[in-house]
């Protein structure tokens with residue numbers, strides 16, 4: 001089987017939506033019956049985004065095999081059925097790390113190690129490896145054409161197109177076509193200069209995606225085609241839309257998938273986008289709305305919680321309600337009190353690290369528990385719920401996590417000291433271990449209690465969810481907390497770790513150590529988020545009586 005590659009680049013400015021465009025195109029090709037995957041090549045020096053600040057980089061998306069990756073991989077999984085893995089995302093740092101390791105081993109037999117050919121060859125090898133077994137692979141190059149950091153990646157894909165043959169390679173370039181109100185027209189010059197920059201490094205784009213706040217007129221697309229040496233039918237207008245799930249239909253309506261299939265000589269049926277049409281219909285025709293408060297520490301950049309926000313919206317789709325998300329800084333709860341949590345239909349505390357704002361999260365969990373407000377805690381959101389219950393119900397004064405107070409009297413949350421590494425070997429860790437790549441990561445099995453709420457929601461006794469954490473419930477103190485009324489609703493496959501807790505005498509109080517947001521999609525939703533939004537809707541109706 002021959003694999004075809006579409007290399008996706010961006011020009012003029014960053015944040016044009018390369019990831020959404022690539023994912024939308026992949027969704028159309030998948031709807032035509034093709035086996036599609038998407039890769040993201042990031043030009044930063046970090047080995048992976050695992051230790052990067054969420055305020056700088058946004059969320060870290062965790063794959064089933066435990067890779068800490070760019071948030072764009074979350075978009076990919078929400079648009080196509082193919083699951084991402086560590087093969088789908090790599091960085092400059094990862095490439096250099098691998099090349100330097102080989103150099104130290106003597107693999108290069110004393111040769112002078114250079115960007116060309118050693119770095120570019122390493123990039124090409126990873127791209128080809130990631131594409132194995134697929135009909136079409138979309139490869140998104142992070143950054144903007146012209147950035148010095150992107151040059152090795154651009155050179156590598158230029159070479160790769162020659163290696164595999166131009167009949168199996170396409171270059172798709174996203175570019176900004178701004179509208180100037182003073183002139184009353186869109187301007188094509190930035191696009192022309194962006195293509196000129198690409199040409200200077202040996203890449204002639206085959207497709208141009210023109211990003212604008214409005215549809216780019218046919219005459220302007222013809223002008224772009226003429227000056228950029230691209231067929232007119234390959235100049236695609238991608239205007240701003242009120243829902244990202246409309247983009248597959250927008251691209252298909254302009255024949256982008258037909259053009260690509262003809263170029264690759266792929267004989268496949270027309271795309272059936274009925275599932276996406278259903279998503280768009282549900283989104284546009286809600287029967288009501290709810291307001292959910294999300295209490296976190298990185299709220300100045302909503303992308304830090306991208307998958308959680310999307311999963312809440314998916315939960316809304318399954319309940320035919322619009323979910324309004326109120327982002328609340330947990331430090332504001334500390335300084336202004338729980339009064340700022342009034343008038344919420346439900347409360348969610350997402351994952352996070354570090355002590356800043358933790359007491360605000362603990363106060364939030366208490367407020368939700370004592371006032372019968374639906375509560376969903378994720379990762380740290382479960383740990384603060386446990387700490388709150390231990391302090392205020394189980395009589396364990398000043399209970400805490402050893403992450404925040406190492407020598408606390410009641411360490412109800414503590415570091416797991418023994419882990420399985422990628423090869424399955426036992427590895428001992430401590431507070432002094434490296435932060436990067438030293439967490440419990442990826443898909444793990446969880447056994448659900450028969451009498452639990454989550455057992456009803458999932459409809460299965462065993463589930464698999466993705467994790468990203470170092471700290472867990474301390475089993476040494478668990479019996480005392482359970483005796484006070486807390487229910488352990490889910491345990492790890494080996495029965496050693498607490499994965500889900502519930503407060504039984506509460507309308508809806510669920511907290512999990514894993515990250516359910518990573519497996520939620522607009523077409524399928526997720527049982528926890530669907531149940532949570534339903535509980536929010538029911539709470540709103542009770543309050544209205």
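Including glycine, each Cβ sits where the backbone N, Cα and C put it.
What Swiss-Prot annotates here:
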| type | residues | note |
| --- | --- | --- |
| REGION | 1-266 | region 'Amidoligase domain' |
| BINDING | 14, 187, 188, 189, 190, 191, 192, 223 | UTP binding site |
| BINDING | 14, 147, 148, 149, 187, 188, 189, 190, 191, 192, 223 | CTP binding site |
| BINDING | 15, 16, 17, 18, 19, 20, 72, 239, 240, 241 | ATP binding site |
| BINDING | 72, 140 | Mg(2+) binding site |
| DOMAIN | 291-542 | domain 'Glutamine amidotransferase type-1' |
| BINDING | 352, 380, 381, 382, 383, 403, 470 | L-glutamine binding site |
| ACT_SITE | 379 | active site, nucleophile |
| ACT_SITE | 515 | active site |
| ACT_SITE | 517 | active site |
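Annotated features, which come from Swiss-Prot, shown on the structure.
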residue: 15; record: ATP binding site; Cβ contacts under 8 Å, 6 or more apart: none
residue: 187; record: UTP binding site; Cβ contacts under 8 Å, 6 or more apart: 177, 178, 179, 180
residue: 192; record: UTP binding site; Cβ contacts under 8 Å, 6 or more apart: 224, 227, 228
residue: 240; record: ATP binding site; Cβ contacts under 8 Å, 6 or more apart: 212, 213, 214
residue: 352; record: L-glutamine binding site; Cβ contacts under 8 Å, 6 or more apart: 296, 297, 298, 379, 380
residue: 403; record: L-glutamine binding site; Cβ contacts under 8 Å, 6 or more apart: 353, 355, 413, 415, 470, 471
residue: 515; record: active site; Cβ contacts under 8 Å, 6 or more apart: 62, 307, 351, 378, 379, 465, 466, 467, 468
residue: 517; record: active site; Cβ contacts under 8 Å, 6 or more apart: 307, 308, 310, 311, 350, 378, 526, 529
Check: Hey, how far is residue 191 (UTP binding site) from residue 381 (L-glutamine binding site), Cα to Cα, in Å?
Finding: 45
Margin query: Roughly how many Å lie between the Cα atoms of residue 190 (UTP binding site) and residue 17 (ATP binding site), rounded to a whole value?
Written below: 17
Notebook entry, point to check: So for residue 383 (L-glutamine binding site), how many other CB atoms are inside 10 Å of its CB?
Noted result: 30
Check: For residue 72 (ATP binding site), what residues in its own chain, 6 or more apart in sequence, show a Cβ-Cβ distance under 8 Å?
Finding: 18, 19, 22, 23, 40, 61, 140
Check: Where does residue 140 (Mg(2+) binding site) sit in DSSP terms: helix, strand, or coil?
Finding: strand
Item checked: The one of 148, 379, 380, 382 whose CB sees the fewest other CB atoms within 10 Å, among these recorded positions -> 148
Check: Relative to the Cα of residue 148 (CTP binding site), which of the binding-site residues 188, 189, 383 has the closest Cα?
Finding: 189
Next item on the list: Check each residue in the chain of residue 14 (UTP binding site) that is at least six apart in sequence and keep those whose C-beta is under 8 Å from its C-beta; list them in sequence order.
Entry: 143, 144
Next item on the list: Compile a sequence-ordered list of residues in the same chain as residue 381 (L-glutamine binding site), six or more apart from it, whose Cβ lies below 8 A from its Cβ; state 'none' when nothing qualifies.
Entry: 348, 349, 350, 351, 361, 365, 511
